[in-house]
Structures are given as structure tokens and as C-alpha cells.
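**Student:** Have a look at this one before I ask anything.
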Amino acid sequence: MISNVLKRASVLARSNGIQSAFYTTTAKTEASSSPQMKIKTAEKKDHFVNFQVYRYNEETTAKPYIQTYNINLKDCGPMVLDALLLIKNNIDPTLSFRRSCREGICGSCAMNLNGSNTLACTKKITDCLSGDTVKVYPLPHMHVVRDLIPDLSHFYTQHKSIKPWLEPAVDVPRYNGKEILQSKENRHKLDGLYECILCACCSTSCPSYWWSEGGDGGYLGPAVLLQAYRWIADSRDSIQKDRLAILSEDQMKVYKCHTIMNCTAVCPKGLNPGKSIANIKYLLAHN
């Protein structure tokens, strides 16, 4: 019955000189494909920018140096990572840096751009220009493997020390193919925590972390402490006391935070590690 009604409506529309949506769409498509109907797009203008890039290779040079590349923004995409890829692919294949997702998810391309830590894949070139120059450095106060690649080994060791995984209660079946459920309220407590991508922008912008001693002790830094609180706050976890005990073994792991808040200022995901550290301090004082 419905199909008959549609057919009658179509016949009536044509008899009244009204085109159906199909014919209208077809006509528009044919018109747009016509050479006379093509829309002219504005051509990109030349815009040259100097990229001053930190270079270091312990195999070929004893000291780091700055190398300048003159790039026409007309030839690359809008992000700093686009310019670095242009340099590597077309100008200097020896330039080394990390990159992967190109959409602010993996954290691989974290670096220091004009004095501020951020992700090269989400930072527009025009947003970090100083005159006609962009200064590109590796994350500060880290050993440099090569060029823009920092050594994050110690950072990952610290992250491992907080047991960054879920430890459910013993009586919760682990391998029955079902989720460990939690209420909406408890799930909401993880907002602003689980989004951390461990890019290390916050930790390497923190003076307290710069002054921290290496090895197993010392200040854990904002990124690792935010991750620590992420698991402490998870209602599905059963070892909150153990996690707090790990953090209280050495007071400097947490209390070396002096609320400078560089961490919150530079986080490319808009998170607040300083708040997480304050919450940990509160729990340590009341447990």
C-alpha cells in the first residue's frame, strides 16, 4: 500500500511540473561536474618560516647544535609535525624524531616548541611563531638519544613502580568474559585521569622533577602521580592501601611537588595533574 501511495505522489508531482528529489540531485551533480560550473579555490600564498631545530648525534658530534631550515608553509600541512615530516622527507633525512598517530593520542611526538612542551601533531605552526621563527627542541632535562628523541627509560620505570593495572578483589571472576561493573558515579571519578597519554610533557616541564634524583627513589613527577591516583580512585581496584603504601615509602615521591603547576599549564589533553597530587596528599594524611 505504501509503495502505491509513493508512486501516485511521484506521478502527481511530475504532472504538476515539480521535479523529484532524485532528478534535482542528478541535475546538481551534472552541473557541478561541468567545466563552466567549477568553483575556484583560493591559492595558497608563499609564507616562509625558519625552523631552528636542535640537533645531536653522539656518534658524529660531541656537542649539540641548532640547524635552521627555511620552510614554505605553502608546501606542508598546518601542524609542526607536518613541517618536520617535510624536512625529513624532502630536505634532511638524518633528522630524527618520534611520531605515530598524528592526532594527539599516542604522545610520541612530544617536544618543546618555542619554550613550551606540547605535541607537534596538534600544535599549529602559526600558534608557536616568534616572528618568522619556530624553535624546536626535545623535551627538557632528559638525556637525548638523538636530535628530538629523549630517553624516557627512567620515566617508564617510575610508571611501572606504581603498578599501573587493575587489581580486582580475589573473589571477582577474572576470566568469565564479563566486565567488572561500576556505577556511573564511580566511573565519573575517573574523568580527567584516564585520558593521560604519558607523553611526559607535564613531568619534563616541572622544576621539581628536573631536580629529582635518578634511580629508584626521588620525585615521581606529575604524569606518574596522576596515573597513580587514576588507579587509587578506581572503585574496581582492591589494593588502594598497598598503592598508598608504595607512595609513602619515600616522602619525596609525592611531597616534592611544590604546586608550581607548570604541569597543568602545558598538558596537551587539558588535564590537571596538580589536583591529582593534592588528592594523593590528602589520602596519605588521612590513612
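Note: Cβ is positioned from N, Cα and C throughout, glycine not excepted.
Sequence annotations record features per position, and here Swiss-Prot assigns transit peptide to 1-23. What Swiss-Prot records for 51-140 is domain '2Fe-2S ferredoxin-type', and it gives sequence analysis as the kind of evidence. Under the heading [2Fe-2S] cluster binding site, Swiss-Prot lists C101, C106, C109, C121, citing similarity to another entry as support. According to Swiss-Prot, the feature domain '4Fe-4S ferredoxin-type' maps to 186-216, an assignment based on sequence analysis. Annotation comment: Swiss-Prot describes C196, C199, C202, C267 as [4Fe-4S] cluster binding site. Annotation comment: Swiss-Prot describes C206, C257, C263 as [3Fe-4S] cluster binding site, evidence class similarity to another entry. What Swiss-Prot records for W211 is ubiquinone binding site, and it gives similarity to another entry as the kind of evidence.
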**Student:** Restricting the comparison to the binding-site residues C196, C199, C206, W211, which residue's C-alpha is spatially nearest the C-alpha of C109 ([2Fe-2S] cluster binding site)?
**Tutor:** C199
**Student:** Looking at the binding-site residues C199, C206, C257, C263, C267, which ones sit with their CA no more than 10 Å from the CA of C106 ([2Fe-2S] cluster binding site)?
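**Tutor:** Near C106 ([2Fe-2S] cluster binding site), where near means Cα within 10 Å, the binding-site residues are C199.
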**Student:** At 10 angstroms around each C-beta, which of the binding-site residues C196, C263 has the fewest other C-beta atoms nearby?
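**Tutor:** Fewest other Cβ atoms within 10 Å, among the binding-site residues C196, C263, is found for C196.
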**Student:** Of the binding-site residues C101, C196, C199, C257, C263, which one sits closest to the residue listed as 'ubiquinone binding site' when you measure Cα to Cα?
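**Tutor:** Nearest in space to the residue listed as 'ubiquinone binding site', counting only the binding-site residues, is C257.
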**Student:** Looking at the binding-site residues C101, C121, C206, C257, whose Cα is closest in space to that of C267 ([4Fe-4S] cluster binding site)?
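**Tutor:** Nearest listed residue in space: C206.
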**Student:** Between C106, C109, C202, C257, C267, which of the binding-site residues has its C-beta surrounded by the fewest other C-beta atoms within 10 Å?
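**Tutor:** Each of the binding-site residues C106, C109, C202, C257, C267 was scored by Cβ atoms within 10 Å; lowest is C106.
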**Student:** Let me check the 10 A CB neighbour count of the residue listed as 'ubiquinone binding site'. How many other CB atoms are there?
**Tutor:** 11
**Student:** Other than its own, how many Cβ atoms are within 10 Å of the Cβ belonging to C121 ([2Fe-2S] cluster binding site)?
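**Tutor:** Taking all protein chains shown, C121 ([2Fe-2S] cluster binding site) has 25 Cβ neighbours within 10 Å.
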**Student:** What Cα-Cα separation, expressed in whole Å, is found between C101 ([2Fe-2S] cluster binding site) and C206 ([3Fe-4S] cluster binding site)?
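**Tutor:** Cα-Cα distance, C101 ([2Fe-2S] cluster binding site) to C206 ([3Fe-4S] cluster binding site): 26 Å.
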**Student:** List only the single closest residue to C202 ([4Fe-4S] cluster binding site), chosen from the binding-site residues C121, C257, C263 by CA-CA distance.
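**Tutor:** Nearest by Cα distance to C202 ([4Fe-4S] cluster binding site): C263.
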**Student:** Within 10 Å of the Cβ of C101 ([2Fe-2S] cluster binding site), how many other Cβ atoms can be counted across all chains shown?
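**Tutor:** Around the Cβ of C101 ([2Fe-2S] cluster binding site), 13 other Cβ atoms lie within 10 Å.
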**Student:** Tell me which residues of the chain lie with their Cβ under 8 angstroms from that of C206 ([3Fe-4S] cluster binding site), as long as they are six or more apart in sequence?
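**Tutor:** Counting only residues 6 or more apart in sequence, the Cβ neighbours of C206 ([3Fe-4S] cluster binding site) under 8 Å are G221, P222, I260, N262, C263.
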